[in-house]
Amino acid sequence: MRTEWVAKRRGQGNVTQMHYARQGVITEEMQYVARRENLPADLIREEVARGRMIIPANINHTNLEPMAIGIASKCKVNANIGASPNSSNLQEEVDKLNLAVKYGADTVMDLSTGGGNLDEIRTAIINASPVPIGTVPVYQALESVHGTIENLTPDDFLHIIEKHAQQGVDYQTIHAGILIEHLPLVRSRITGIVSRGGGILARWMLHHHKQNPLYTHFGDIIEIFKRYDVSFSLGDSLRPGCTHDASDDAQLAELKTLGQLTRKAWEHDVQVMVEGPGHVPMDQIEFNVKKQMEECSEAPFYVLGPLVTDIAPGYDHITSAIGAAMAGWYGTAMLCYVTPKEHLGLPNAEDVRNGLIAYKIAAHAADIARHRPGARDRDDELSKARYNFDWNRQFELSLDPERAKEYHDETLPADIYKTAEFCSMCGPKFCPMQTKVDADALTELEKFLAKEPVTQG
């Protein structure tokens, strides 16, 4: 749908949405986002120009349906997919993409580290995707040197970053905030460095005793991103991997650097969002969100979870959705889903579904809490359907209609029960929603109460 939109921009030195927004131009992508968000187009332009909102939209991803990530827009959810050396293949990843989009993923990250030709997998995902696609280029950089981290050069990183941009990737996680002087700060941690990309760069710095090449070559990356309108997703290499490590000196030192890099990218009109933790106790979530806004000048915050406890392997879509809902309420713009397989293995299709629904709940709850326009409309419609025993309408309005119908039909499968005024929980005689109080009866009762004392017993 964007082929004609981007045709006139090709060949220009800077084609970012932020660049046009700062020139006072409302692009077709901004207009599309305004309609999706039910917000004025000029507000979208202002938020993009200010850096509080991004529209990840690589000019080479022409089948993209533009969306926004920012505090003024609805809270978004990202789903991670990706093949590994031990599991999955191209078709499985495209199937996961389609499943993620079906269940409401607003963006999808391809985190493939193996399982076939990474370029073919990525290209297939981009070509099939109506939502923005993100990647972590350092993974393919490592694959290009056959896993020998010490052999990586700055040019290796830049080559892969530009390749992803050319292929149509809308945002890239760039681990430029972890500096060599930050590494001693992880000494007191239980889980050290838990970011895959951050771990790769830490090992490179420890071997070479040189500064992070993504930091020293950040200007070169900016120039690449300007030409394709790739958004930065500044990686939090030192995010806490357990609640013990949350909000420590290592995390906050990197966050300060991420703020500096954000403003450097903005000087060139390149869009930025900033990634965040991780594992954070509930009482520290508000601090983390506000600290990010302060250090990063209100660039959109994109958090993984956070998990609020570490003791529930197999249920971390729940431990993290609790933290995600709180983070969204405090102003986080996008939540990266966590599946039940987190810390245990590569998620399958059912894990993707469960993780996504948990996070759609968290994001929607945050939208309601922040009083975003129209956020509660669907809740009210479903509640009316529930009160009227309109079972099919309830299923239709559910985040996961198939699961809602499946659970209802487990005990009452016959079609006749789709019009019944009860479910199997209370049965036909005890459902409280059968108590329909007539408006006229209430009016008469009010008149009675106004003039007669209530008889006890």
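Including glycine, each Cβ sits where the backbone N, Cα and C put it.
Within the same chain, residues at least 6 positions away in sequence whose Cβ sits under 8 Å from that of Tyr139 (substrate binding site) are Leu111, Ser112, Thr113, Leu118, Arg196, Gly197. Per Swiss-Prot, the feature substrate binding site maps to Asn80, Met109, Tyr139, His175, Ser195, Arg196, Gly197, Asp236, Ser237, Leu238, Arg239, Glu275, Tyr302; the stated evidence is sequence analysis.
Annotation comment: Swiss-Prot describes His279, His343 as Zn(2+) binding site. Within the same chain, the residues at least 6 positions away from His343 (Zn(2+) binding site) whose Cβ sits under 8 Å from its Cβ are Pro313, Asp316, listed in sequence order.
Among the features that Swiss-Prot reports, [4Fe-4S] cluster binding site is placed at Cys423, Cys426, Cys431, with the record citing sequence analysis. Taking a C-beta cut-off of under 8 angstroms and a sequence separation of 6 or more, Cys423 ([4Fe-4S] cluster binding site) has the following same-chain neighbours: His408, Thr411, Leu412, Cys431.
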Other C-beta atoms that fall within 10 angstroms of the C-beta of Tyr302 (substrate binding site): 28
DSSP three-state assignment (helix, strand or coil) for His279 (Zn(2+) binding site): strand
Inter-residue C-alpha distance, Asn80 (substrate binding site) and Cys426 ([4Fe-4S] cluster binding site) (nearest angstrom): 40
Cα within 10 Å of His279 (Zn(2+) binding site) - qualifying binding-site residues among Ser195, Ser237, Tyr302, Cys426: none
Output field, [4Fe-4S] cluster shell: CB within 8 Å of site CB centroid, site Cys423, Cys426, Cys431 dropped: Phe422, Ser424, Met425, Gly427, Pro428, Phe430, Met433
Most Cβ neighbours inside 10 Å, all chains, among the binding-site residues Asn80, Ser195, Ser237: Ser237
For Arg239 (substrate binding site), the number of other Cβ atoms found within 10 Å of its own Cβ: 26
All-chain count of other Cβ atoms within 10 Å of Gly197 (substrate binding site): 23
